[in-house]
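Q: My questions all concern the structure below.
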Amino acid sequence: MANRDSDKMTQYAVELEDTVHWDQEMSYGQYLDLERLLACQQPNSGQHDEMLFIVIHQVSELWLKQCLHEAHAAAEHIRENKLKPAFKMLSRIARIQEQMIHVWEVLVTMTPADYTCFRDSLGQSSGFQSYQYRELEFLLGNKNPRMVEVHRSHRQHYERLTQVLHEPSIYDISLQLLKRRGFDIPDSYVKRDWSQPYQPCAEVEQAWGEIYRHTDEHWDLYELAEKLVDTEYNFQKWRFSHMKTVERIIGYKRGTGGTAGVSYLAKALDLQFFPELWSVRTAM
Ligand code: HEM
């Protein structure tokens with residue numbers, strides 16, 4: 001048995017020696033720009049747990065970047081009536097969201113005592129200032145012009161967020177699709193000031209009701225509705241887990257960003273991206 005194992009190891013070493021491009025020009029580290037990426041974790045306090053805090057935020061921001069990449073492309077595909085590729089992208093977003101939700105399980109290993117050791121070194125920085133998170137909220141339909149103001153001092157982020165605020169959300173684009181398919185969507189829902197918060201509408205709920213009652217006739221729109229619900233459902237799970245993690249770590253202290261903390265996060269649970277996709281369930 002031992003001989004067979006050592007034979008395998010020798011074979012492995014020989015194969016490696018013969019096949020690997022030991023002197024390749026483009027290396028893994030170069031392609032991924034790893035030196036820069038791995039230089040971005042710079043704890044301020046020297047406390048052990050600050051590294052985890054930084055890594056978890058950075059991992060979440062990378063996933064947010066990928067969600068934005070997918071969500072913008074999905075919106076564009078819906079606009080062009082290409083639902084199948086849009087579904088693939090929305091499914092990918094749902095998988096990424098699962099990763100982002102699971103991350104809290106790692107963060108809860110950090111106790112209030114661990115966090116208190118370095119909290120002062122964060123100053124006023126807070127996830128509240130995450131411009132990618134806010135862009136994703138805008139793109140999904142939670143429009144709030146006030147939220148752009150936090151970014152006024154950074155021109156690039158401010159302009160980007162202002163632009164997305166004024167563009168139709170993925171839900172607005174879906175309602176335009178419903179209108180093209182002959183559903184009775186009011187004109188004021190396919191052309192309006194997109195920067196203003198979405199107001200629920202009886203005709204929109206009726207349109208989704210029609211789709212849910214006659215799934216065979218409207219299968220792709222039914223599938224679109226469920227993909228959107230998946231996205232919102234996961235977003236809410238993320239919000240809820242964030243809130244409970246924050247409660248577990250800082251209790252009812254104010255946030256570093258200046259809000260009331262947990263009670264602010266609890267209120268965000270009432271926000272909805274696609275209200276009629278929820279109310280239609282009661283109406284059915
Ligand atoms: C110890 C860990 C954490 C604590 C204590 C914490 C605390 C808070 C608090 C109190 C707020 C409310 C705003 C404020 O006043 O600061 C907030 C907002 C936020 N946090 Fe965290 N957070 C933690 C981890 C994270 C992580 C890992 C992320 C991932 C990116 C994150 C993303 C956000 C976002 C996006 C908001 C804005 C939510 C909204 O406006 O609806 N947080 N956080």
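Backbone N, Cα and C define each Cβ position, glycine as well.
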Q: Going by TrEMBL, PHE53, ILE54, VAL55, ILE56, HIS57, TYR115, ARG119 bind substrate; tell me which of THR256, THR259, THR282 is listed for that site too.
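A: Substrate site check in TrEMBL: besides PHE53, ILE54, VAL55, ILE56, HIS57, TYR115, ARG119, the record includes THR256 out of THR256, THR259, THR282.
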Q: Looking at substrate and its recorded binding residues PHE53, ILE54, VAL55, ILE56, HIS57, TYR115, ARG119, THR256, figure out the farthest C-alpha pair and report it in angstrom, whole number.
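A: Value for the max Cα separation, rounded to a whole number: 18 Å.
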Q: For ILE56 (substrate binding site), what residues in its own chain, 6 or more apart in sequence, show a Cβ-Cβ distance under 8 Å?
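A: The list for ILE56 (substrate binding site) reads VAL103, VAL106, LEU107, given in order along the sequence.
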Q: Going along the chain, which residues six or more apart from ARG119 (substrate binding site) have their CB under 8 A from its CB?
A: ILE250, THR256
